[in-house]
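A.B. asks: Have a look at the structure that comes next, please.
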């Protein structure tokens, strides 16, 4: 319980480790998780430390594991989380791990390279097949009778005046290939302008999308065939195709040759498809074997790297062939640390035991809190704002209640709070089963990590929902309303809005509603105005109460650390400042609730206006016959209203409170720095005096030898 209320007592220890046992001892201390090592080589470069080569080897293994993990994700193979936590392997096992990772990486890279080459070849053959099919269709569509596609190209390319004489003598060449679909419009325009319309182009889109051999994404391409006349146009067309990265394929002129070539390409595609499937099966088998062990491999490599990082923080004693380490550890865990060192020495086979020695230091130890699955989330909330100094009061103990309760004050719904409570309770009851499922959903893991706080927030919301009498924005009439209107039905039909007079419609015999707000407020038009005012005042009271708790905890810290200066220059001015302003506001809230009744409701003060006027020193005084008693106050005679002074000597009391709060500001800001400066100067003067005395004594000792001093004393 002490470590929950206050951070655990820490001790600085020095550990002497034999070189052959250092690795296993640090590994056992890491598994224990109760030791924080100090870097004894802060000025040494990271690349000049003793175990830098081992860390570089670990970095290389991590790179290979990341590559394997990327390949697994590429095949949508999820790494199973078995919950195992293997220990760090022995240093000699690093060689085996490196060899295993090197073999797997080289095998995967070889398989991927071969598969990429096969897919690239498959893509080229698929494009060639489409080119042959499309060109065959082009020629077949225009091959009926004596009219062919060549005739169409000749008619399109030969001028009208020469058509009757030389149309049959024109010899046309053509090229065929594929081009990405998005480049087709620009390709057509450039061909037209560059060749001045002296080419004949036909384009047809490939219906089935092709697969990129590198990324595996779908790519859409079109088959084109271009007819031209002459070598000059042929070179120009080829350059344009190269510029657009269009792929040209050989296409025979005769239909028979095209058919034979198409059959050969189809056969090669079938064989290539078989080889591709076999390659993918082999790759899948390699990855399936890695899937079983990769999680343990990652943990082992991380632990090995962490151990060597820790060993680099130690000093190496060459004369004794040992490592010297300094670490912080809780005093309560010293026995466990000693047992871990003994176990590590036994595992290493060393005959020389490791030595744990407690050291006395004036350094400020680190803060350490023992947490469990219940307090962990509350401690995390506190740490998100700041970590308490060593041996200070732990705010997480109070946050267990204040955080969910203040949420409930804001939430305040019985129905929704009960649903939240059931959801949190379900996660708490089923936590072992849910924890074993090891979900990768970040939002779910966040909810599951805060299951206890969700349950408490729901439970407190049920309580505040009863206080507000609010369940799914509806009121519950469990005990019967204390208001009994006695208006007649004709009056209710004729008047839209009526005011209930507490003097006549309220049941003074049974008293107010037993628990929470009266359900009659659900039917009132000023429900929101009333509930908002009530909730605001309640929030102010609870908020200032929490601030007061924090200031009182600072007093506990000052007393524990025996620091009277902080008590007089921090705590007392803070508590006076808080009570003079906000404590006074809370007092006004309770005073208004207890004093003002229906008889003087028009004189009820507006606390916000009064609090603002308190700093402006602006006061509205009532008439001379105002007796400050609600039962005997007549608003018409006294002239009181919401901004009128409502108790005797209010203006003098508020002026005194404001002045007291203002006087606390220079005390908090100015006194402590001057006191600390005076202490610092006094220490410097004392150090200077001691140094001067030492130098004087040294000079005196040099000037007067021992024999002379004895003579002078005689």
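Placed from the backbone N, Cα and C atoms, the Cβ positions cover glycine too.
Where the annotation comes from TrEMBL, it is an automatic prediction and has not been curated.
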A.B. asks: Have a look at 652-676, 677-701 and point to the one annotated transmembrane segment in TrEMBL.
C.D. replies: 652-676
A.B. asks: Which stretch, out of 94-135, 136-177, 178-219, is listed as coiled coil by TrEMBL?
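C.D. replies: My reading of TrEMBL: the coiled coil range is 94-135.
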A.B. asks: Under TrEMBL, the annotation transmembrane segment belongs to which of these stretches: 405-429, 480-504, 505-529?
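C.D. replies: Going through 405-429, 480-504, 505-529 one by one, TrEMBL gives transmembrane segment for 405-429.
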A.B. asks: Might you confirm whether the transmembrane segment (405-429) is in contact with the transmembrane segment (571-591), defined here as three or more C-beta pairs under 8 A between residues 6 or more apart in sequence?
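C.D. replies: Between the transmembrane segment (571-591) and the transmembrane segment (405-429), contact is absent.
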A.B. asks: Determine which residues of the chain contact the coiled coil (94-135) at the Cβ level, with the cut-off under 8 Å and only residues 6 or more beyond its ends counted.
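C.D. replies: For the coiled coil (94-135), the sequence-distant neighbours (Cβ-Cβ under 8 Å, at least 6 residues beyond its ends) are 54, 57, 60-61, 64-65, 67-68, 71, 176-178, 204, 206, 210-214, 221, 223, 225, 247, 249, 251, 258, 261-262, 265-266, 268-269, 272-273, 275-276, 279-280, 282-283, 286-287, 290, 297, 300-301, 304.
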A.B. asks: Check for me, if you would, whether the transmembrane segment (598-619) reaches the transmembrane segment (538-559) - at least 3 Cβ pairs under 8 Å, residues 6 or more apart in sequence.
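C.D. replies: Touching, no - the transmembrane segment (598-619) and the transmembrane segment (538-559) miss the threshold of 3 or more Cβ pairs under 8 Å.
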